[in-house]
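Here's the structure we're looking at; comments come further down.
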Amino acid sequence: MILLGVNIDHCATLRQARYRQAEATAGGPIEPDPVTLALAAERAGADGITVHLREDRRHIQERDVWRLRESIATRLNFEMACTPAMTQLALKLKPESVCLVPENRQEITTEGGLDVTAQRDRVRACVEAMNAAGIQASLFIDPDEQQIELAAQLHAPCVELHTGAYASSYPQPTSRTKEFQRLRMGAARAHELGLIVNAGHGINYVNIAEVRTLPHLHELNIGHSIISRALFTGIDEAVREMKVRMNP
């Protein structure tokens, strides 16, 4: 069975669109609350909760991750830039897992996989720190053989394959087939190297029918499509429907 990690970043995006000041000046309850949403997602069957605390704090805030750490019953997957400050925060937070992702202040959302080659020493230091602390470290990378092999060399126990290029090419059959084959080969190579294989980015209620057939999948991290569907159906139904489509 493929596990579902629900990314709740965009609940915080909606909150921050209205409330950017301190809670004391908000004039009442601040909604929507990401922690409340996370608990509802868990009740609906989410196997874990994923949040990305960006360095620019554009959506999830540090207080959110600490409240989540204290509140949720499943697993906390903490997405973070590979920086000394974030590494120290993660070691204090002690989530079940961290996922190292690239960040660009001009991007709307994460635009590609982490370039492990360019940040080899920094990634190694972070992975070693997480391994020593008993926190599972995952690298969010494109399905590129060189990146996957380097992840294994740096002793990362897990990779999350970036499915964004596949999702973007979905309407074009030729490009879609090419990108899906890259994902298949990447998943197979990661598995050969003993890595846990996760995937995420751009997965929705349509392309999940194909994504779920990728070999050796352990977990999918899905956010925007679930939060979008929840606006119409509620978070319970949105999570349950995705779980059904992932594991029919």
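Just so it is clear, glycine is given a Cβ too, placed from its N, Cα and C backbone atoms.
According to Swiss-Prot, ASN7, ARG18, GLY223, HIS224 bind 3-amino-2-oxopropyl phosphate; the candidate from GLY45, GLY202 that the record adds to this site is GLY202. Cβ neighbour density within 10 Å is lowest for ARG18 among the recorded positions ARG18, ARG54, HIS59, HIS201. Take the recorded positions HIS10, HIS52, HIS224: by the count of other Cβ atoms within 10 Å of each Cβ, the lowest one is HIS224. Around ASN7 (3-amino-2-oxopropyl phosphate binding site), the same-chain residues six or more apart in sequence whose CB sits under 8 Å from its CB are THR50, VAL51, HIS52, GLY200, ASN221, ILE222, GLY223, HIS224, ILE226, listed in sequence order.
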